[in-house]
């Protein structure tokens with residue numbers, strides 16, 4: 001029985017001050033979906049008996065089988081704060097009434113799917129960060145938290161799996177307190193690293209109620225605020241004073257009936273307030289239930305005035321424990337209260353998020369409407385991903401209304417990522433067929449949706465690839481494109497078993513690239529269809545979807561292949577020169593490597609082609625030691641106008657130079673997209689144009705003359721500058737017990753990996769090993785690792801950086817690198833030998 005109707009939800013949507021949009025983020029297997037279950041049970045969407053095992057937000061069959069979340073799923077819940085006192089505690093925000101609408105998105109934890117997390121974060125304002133008590137803050141916790149803070153999203157923390165610490169590790173109260181406090185400290189360290197002025201201090205403090213402790217599996221959780229409320233009523237003291245005392249170094253002395261900061265009294269140790277007032281009752285319940293002392297349990301229940309249902313009283317052991325703890329500290333109430341009190345409403349959040357969300361000027365009508373979350377302003381809606389419908393081949397567009405109101409039948413401008421105001425490209429004007437409310441795997445039809453809510457749209461999937469902006473204002477710019485922290489580095493090629501199925505495959509590939517924000521599909525010159533993904537697991541899931549859903553035909557799939565990047569190791573040994581086909585124009589160029597930190601700054605979007613060129617020149621001169629005149633004359637970034645290669649104009653007093661600028665830049669984009677060695681993209685090369693000699697007649701220096709010449713001279717300059725290949729490298733974090741560490745080292749050394757850090761988690765027998773592992777060597781790594789450690793090691797790998805491929809020059813066919821290049825060229829259907837620079841270099 002669902003506890004709310006769609007009409008009630010619709011009524012709440014009109015009060016944006018009472019809406020909370022939040023996503024649940026965490027490391028893999030820290031219990032996001034399990035925690036979400038208890039919230040769903042509270043809202044009556046699933047039965048409370050199932051909560052904790054249903055993982056109701058894992059809607060796909062393969063998610064249930066593998067026990068992992070693959071796609072992020074949205075669900076809307078209805079929550080109330082019955083107590084007037086509580087509503088007064090909502091700091092710095094207005095509220096209207098005591099009913100709240102919570103739009104919750106459960107996101108995956110595997111690093112392969114972190115683009116799903118980005119899509120979820122974009123449409124929410126708050127994040128519930130789940131951390132495992134035993135494992136603490138892991139690599140993926142850090143990644144998702146960094147993504148959240150980058151989107152200006154306010155975090156609150158849940159420390160999950162506390163039952164494990166009590167039942168498996170049998171820790172003492174003080175140890176548990178110390179482990180909590182260590183975990184919270186490491187979360188706060190990450191938060192303070194990415195401090196953002198406009199967001200203010202968002203560190204989490206248990207004594208302010210922004211940290212909850214609990215167990216998703218058993219369905220209980222508490223914040224210090226809840227206990228403070230209980231004791232405040234009992235002892236008649238002020239609740240906020242009580243909250244401060246229940247965390248940190250505060251002790252209650254039962255002899256003098258006073259609070260002190262000093263941990264000893266008359267030579268005896270006093271018990272910390274957190275342990276005495278909060279952990280003690282929990283520990284008592286655990287020991288009474290797990291040691292099967294029926295009478296003690298009954299006494300405790302009476303003391304806490306809890307009434308158990310009749311069938312719950314008959315239970316024993318863990319089942320009884322679950323029932324008692326659920327009655328004593330229900331997780332849903334605790335989490336709902338924390339979200340309502342501490343997460344921002346859309347009205348509050350959009351005021352400071354508008355500048356990071358909107359590309360246009362911050363004072364036009366669209367930006368103002370976003371800042372005030374105005375339902376009457378022009379419609380501004382960002383679609384962050386596509387969700388497949390039950391009807392094959394159609395998609396819901398999933399996004400958030402930032403301003404205005406979206407309704408069925410409304411005519412909107414659908415702006416793709418390359419749209420610029422005033423131009424016609426990447427723009428469609430179409431009517432929205434229906435608006436729906438996303439409820440896990442199902443959808444509920446709804447007439448309209450005001451600003452600040454999360455929505456599904458039907459009928460615009462044909463006009464958007466993966467994400468984009470919907471608006472009714474003709475002057476509105478786009479919402480900023482999402483930055484993904486992973487890049488597709490692993491490829492496999494796909495072929496059909498029966499030739500007549502080819503059209504279905506092509507159609508299927510289109511649908512696949514729609515349904516996943518981070519998958520790339522393209523076909524290369526030899527006619528292969530290639531699918532690229534973020535990692536082995538991601539690719540496996542995508543190809544599975546392709547075969548069974550999107551294309552629905554049997555496929556043959558090649559072995560995984562790694563994407564390389566081409567680069568140079570030194571400066572060109574001589575100036576490269578090329579003549580145009582009609583011999584009237586000459587270009588002179590040299591290539592040299594870019595500094596690694598500059599490449600990273602470009603890839604992270606800190607330095608972009610859209611910056612003001614004077615400001616950019618300042619940064620390049622101050623931080624990277626560039627010559628100021630060079631830094632002002634950067635012609636282009638490539639490939640795709642934003643990659644980490646630069647084209648710099650160093651010419652002096654050349655006639656007609658500006659007329660050929662576009663042609664040279666086109667040639668540069670072409671050359672950097674597919675380099676001379678194996679037609680792989682280039683990275684971290686700086687090309688300097690030294691001199692240009694042009695024909696006086698405009699007709700002899702058109703694009704057809706200049707573009708191929710520019711490409712040839714770029715190739716020659718690259719081949720003269722000690723060309724080499726870069727391979728992608730994963731950062732692997734492995735959690736492993738001490739006795740199995742030898743096996744891990746063995747597997748890593750066999751695969752050219754090197755370990756650069758290991759530390760023990762205090763209070764557990766687990767070690768965390770950090771290592772770099774080339775992507776090329778990572779296929780089948782998980783299986784090997786499990787075999788070597790008999791299943792005790794848990795690896796988590798994420799793309800980290802590019803590294804030069806060792807083993808000789810790519811031009812020498814006998815070396816190791818040369819052989820990789822030959823394989824690559826053979827696969828692409830090119831001549832096997834890498835052409836020498838003579839092919840591109842023209843003598844004077």
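One-based numbering along the chain as shown.
Using the three backbone atoms N, Cα and C, a Cβ is placed for every residue, glycine included.
The Cβ of residue 30 (GTP binding site) lies under 8 Å from the Cβ of 109, 130, 131, 132, 135, 138, 141, 160, 161, each of which sits 6+ residues away along the same chain. The GTP binding site feature in Swiss-Prot is assigned to 26-33, 160-163, 215-217; the stated evidence is similarity to another entry.
Under the heading domain 'tr-type G', Swiss-Prot lists 17-255.
As annotated by Swiss-Prot, phosphothreonine applies to 57 (among others), with the evidence given as similarity to another entry.
What Swiss-Prot records for 59 (among others) is phosphothreonine, and it gives similarity to another entry as the kind of evidence.
In the three-state DSSP assignment, the secondary structure recorded for residue 700 (diphthamide) is helix. Here the Cβ of residue 700 (diphthamide) has 14 other Cβ atoms within 10 Å, regardless of which shown protein chain they belong to. Per Swiss-Prot, diphthamide is recorded for 700.
According to DSSP, residue 162 (GTP binding site) sits within a helical segment. Local packing around the Cβ, expressed as the count of other Cβ atoms within 10 angstroms, is greatest for 26 among the binding-site residues 26, 28, 162, 217.
In the three-state DSSP classification, residue 28 (GTP binding site) falls within coil. Separating the Cα atoms of residue 215 (GTP binding site) and residue 700 (diphthamide) is a whole-number distance of 75 Å. With respect to Cβ neighbours within 10 Å, the binding-site residues 160, 215 differ, and 160 shows the lowest count. Confidence for the domain 'tr-type G' (17-255), expressed as mean pLDDT, is 79.
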